[in-house]
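K.L.:
Starting off with a structure, shown below.
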Amino acid sequence: MAAFPFEIEATDGKARTGVLKTPRGDIRTPAFMPVGTAATVKAMTVDQVKDTGADIILGNTYHLMLRPSAERVKRLGGLHKFMRWDKPILTDSGGFQVMSLSGISKLTEEAVTFSSHVDGSKHVLTPERSIEIQADLLGSDIVMQLDECVAWPAEEARARKGMELSARWAKRSKDAFGTRDTQVLFGIQQGSTFENLRRESSERLREIGFDGYAIGGLAVGEGHQAMCEVLDYAPGFLPEDRPRYLMGVGKPIDLVEAVARGVDMFDCVLPTRSGRHGQAWTWDGPINLKNAKYAEDETPLDPDSDCPASRDYSKAYLRHLFKAEEILGQVLLSWHNIAFFQALTAAMRAAIAEGRFEQFRRDFAARHLGG
């Protein structure tokens, strides 16, 4: 039995709703995890994040190992204490950021060697070191294996090479992690847009055995349609009785369509990144508050929301804050967007539990995409 029980409470088609039970609290699924890159969800306090309904946040191994350093976080009591968040934390392995942000000098069977984007210093990240940073130094609740996220588009031979390396690193990650009572390890399915590779990746991961399974290598430029085509089959290759986590996704419509295909967990920087640039996500789609048409719009973003940022401030005021380059604008829109993503996952959980998810899916798409 896995350290964190996962109870699926209802299904509707392929969509599932349930609870992942952890020592630091329950994670209701489908779940959206706000991204706390450098030990903070940008522009938000932990109390604001909690008030939106978030059960879990994501921490970033790459950023934290470089600044302030994982060893320092450990000396300061671990990531939960350091950032004053007492609910579950999932940490990524650092692999994606190494591939996308840093100057990679070498990728070998043993490790990835890279230069810090902060100060140019050289670092070596192995599967074992990633586990040490996440589990032993940061002290996260859900730990991710180190993998290679192959850039898109990829030829099948290149995608296979990355998938096979990730599978070997999965075994090394599991060996380093061992068995723990208060932490779990997720494996990561790879294979780009090739069904045969994703099937093989999943078989190798299942053979090793993980507490949960992620779908990696999507939301890297392939677009919504191509992502959905992969998700038509990829979740089905993974165990039904464990959580399935789609990494780095995404837009609200991506979440709804992925849940329809059997995904349980998501993370993305989109809500806070959009919020810092004046974009609000709403049931009626995204709106750009810098647009002149909101200059005298006295309506709030969402009068029915429990979130003060959504309910209590006019679009005209929010637009003014961005035009005046006031920091409060970024705070309020980040807050609103995280609250909206949490409201969306809560609405999906209710729709699945009540057996009306397909109707919810159709209605959401019609309203959010404007028909």
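Using N, Cα and C of the backbone, Cβ positions are placed for all residues, glycine too.
Pasting the relevant annotations from Swiss-Prot:
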BINDING   Asp92, Ser93, Gly94, Gly95, Phe96, Asp147, Gln190, Gly217  substrate binding site
ACT_SITE  Asp92  active site, proton acceptor
REGION    248-254  region 'RNA binding'
ACT_SITE  Asp267  active site, nucleophile
REGION    272-276  region 'RNA binding'
K.L.:
Would you please pick out, from the recorded positions Asp92, Asp147, Asp267, the one with the fewest other Cβ atoms within 10 Å of its Cβ?
P.N.:
Asp267
K.L.:
Other residues with Cβ within 8 Å of the Cβ centroid of Asp92, Ser93, Gly94, Gly95, Phe96, Asp147, Gln190, Gly217 at the substrate site?
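P.N.:
Here the non-site neighbours turn out to be Met99, Met144, Gln145, Leu146, Glu148, Cys149, Ser166, Ile188, Gly216, Met247.
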K.L.:
Could you round the CA separation between Ser93 (substrate binding site) and the residue listed as 'active site, nucleophile' to a whole angstrom and send it over?
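P.N.:
If we compare the Cα positions of Ser93 (substrate binding site) and the residue listed as 'active site, nucleophile', the gap is 14 Å.
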K.L.:
Sequence gap of 6 or more, Cβ distance under 8 Å: name the residues on the same chain that satisfy this around Gly217 (substrate binding site), in order along the sequence.
P.N.:
Cys149, Val150, Trp152, Gly162, Gln190, Gly191, Ser192
K.L.:
Can you grab the distance from Gly95 (substrate binding site) over to the residue listed as 'active site, nucleophile'? Cα atoms, rounded to a whole Å.
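P.N.:
Approximately 16 Å lies between the Cα of Gly95 (substrate binding site) and that of the residue listed as 'active site, nucleophile'.
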K.L.:
Over all pairs within Asp92, Ser93, Gly94, Gly95, Phe96, Asp147, Gln190, Gly217, the annotated substrate binders, what is the largest Cα to Cα distance, rounded to whole Å?
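P.N.:
Output for substrate binders Asp92, Ser93, Gly94, Gly95, Phe96, Asp147, Gln190, Gly217: max Cα distance 16 Å.
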K.L.:
So, by DSSP, how many helix, strand and coil residues make up the region 'RNA binding' (272-276)?
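P.N.:
The breakdown for the region 'RNA binding' (272-276) reads 5 helix, 0 strand, 0 coil.
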